[in-house]
Amino acid sequence: MFPKIFLTAATALLSAKSTFAQTYSSCNPLFTTGCPANTALGKSIDVDFTSGSVNSFDGSGDITYDSNGASFTVAKSGDAPTLSSIFYIMFGKVQITMKAAPGAGIVSTLVLQSDDLDEIDMEWLGADDTEVQTNYFGKGKVTDYNRGAFNPAANNQGEFITYTIEWTSEQVVWSVGSTVVRVLTPATADTDQYPQSPMQIKFGAWSGGDSSNAAGTISWARGPTDYSNGPFTMVVQSIDVSDYSTGTQYKYGDQSGDWTSIEAIGGSVNGNVPASASSIQTAGAAAVTSSSPTIPAGINNGNSATRTGYPWVAGTQTVSEVTWSTGPSIPSGWEISSEGKIVPVSASPINISRINPLLLCGPFTFFFFAAIRRWP
C-alpha cells in the first residue's frame, strides 16, 4: 500500500493533467479586450527528449520517444505530430537539436507564435537536406509572403544539428550550429511587422505537399507528397528555452501589440536578459526567396495554423479572423522544473540559522534553561 502522501500527490498530478487538457481558449488581443493572460515561463529550461516526454509540452499526433529523442512521424494524409509549450516567453532564446524529416512535400517546423499572431519560424523542406527556411510575420499580416529566406543547413536530415532563434526587442537572430545565418531588426522588418508579443513554442512535422492543400502550398513544400515512400520522421533530441522576462503571466495592456504595452505579472519584461543578448549582430539579413506569393493568403488559416499553414489543418478563415489558442495553464501550486517537467512547488528549505541551538542539545538542557527563563 502506498503512503497517503504519495496517493495525494498522484491525485494532484492527475488533476493537473486534466487542467492541462481543459483550459484552452482562443482570443486575439488586437480585436478583443479582456483576453486571458499567458502563462509565463519566466526562467530557463533544458529538455532532454532522450529521457522521454515532459508535461510542459502538450503533444498531439504520432510522437514516440527513445534514446534518439522525440520522433514525429508523418505516415498518411492528415498526420501533423506536434509538441506545443504550455508556457509563453517574452523575448528569449530557443535552441533545438534535431534531424529534419526527409521526403518531398514533408515539412519539419519550429514556430514561435503569439496570441496576436506575431510569428518567428524555421522550416526544413524534406525535398532538400541542405537548407532551412527562416521567416517572420507580425500581427498575422502575410501581405505577399515576401519575408521567407533560405539559409544553408547542410545534411540536416542525416545528423543532429542545433538551431537557435534568439529574440529581443532589438533583433531576431537565426543560427545554424554556431553560425548566424540571418538577422532581423525593427528597422529592417516590414512596417509594424517586427514580432514583439509573448510567444508560445510549437514544433513538429506535417505534409505541405498533401493533395488536399492549395497548389501554392504544395509548390512551396516541393511536393506532392508520396506517402508510399514513407513514413517520414523528424527527430528532436532536445530543446532549451530561456525566457528573457520574469513573472508568472504575461498580459496585453492594450490593443497595440507593442512590446512596451505587455505587462509581466509578478516580474518584469526584459528582467532576465543576458549581457550577450545586448550586442547587435553584424550578419546581414538573408535575401528573400521571392517577391511574389508562394502560399495564397487565406489558405490553412485555422485557429491553430501559422502563416505558412502549420500545423496542417484545412481551413477557410481570412487572416483578420484568425485567433490563436492560448494553451493550457499551470495549476496553482505547481511549477516548471529546469528539466521542463511540471512538478509541485517545493517547500521552502529550513533555515538552520533561525533555530535556537538549545533545540539541538537534547530535552534536559532545553527544559533547564526554560525553567530559569534565561537563554544563551
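Just so it is clear, glycine is given a Cβ too, placed from its N, Cα and C backbone atoms.
Not measured: the values here are computed from a predicted model.
Annotation comment: Swiss-Prot describes 1-21 as signal peptide, evidence class sequence analysis. What Swiss-Prot lists as domain 'GH16' is 22-229, and the listing cites sequence analysis. Among the features that Swiss-Prot reports, disulfide bond is placed at Cys27-Cys35. As annotated by Swiss-Prot, active site, nucleophile applies to Glu119. Annotation source Swiss-Prot lists active site, proton donor at Glu123. Positions annotated as chitin binding site by Swiss-Prot: Glu123, Lys202, Trp206, Thr217. Here Swiss-Prot flags Ser346 as GPI-anchor amidated serine. For Asn351, the entry in Swiss-Prot reads N-linked glycosylation site.
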Count the other Cβ atoms sitting within 10 Å of the Cβ of Cys27 (disulfide bond), across every protein chain shown.
17
Measure from the Cα of Glu123 (active site, proton donor) to the Cα of every one of the recorded positions Cys27, Cys35, Thr217, Ser346, then give the nearest.
Thr217
Whole-number Å value for how far Ser346 (GPI-anchor amidated serine) lies from Thr217 (chitin binding site) (Cα to Cα):
48
Of Thr217, Ser346, which of the recorded positions has the most Cβ neighbours inside 10 Å?
Thr217
Measure the Cβ-based neighbour count of Glu123 (active site, proton donor), defined as the other Cβ atoms within 10 Å of its Cβ.
23
Nearest of the recorded positions to Trp206 (chitin binding site) by CA-CA distance, picking from Cys27, Cys35, Ser346?
Cys27
If you measure every Cα to Cα distance among Glu123, Lys202, Trp206, Thr217, the residues said to bind chitin, what is the biggest one in Å?
20
Quick one: of Cys27, Cys35, Lys202, Ser346, which recorded positions lie within 10 angstroms of the residue listed as 'active site, nucleophile', measuring between C-alpha atoms? Sequence order, please.
none
Would you count the other CB atoms within 10 A of the CB of Trp206 (chitin binding site), including those on all shown protein chains?
33
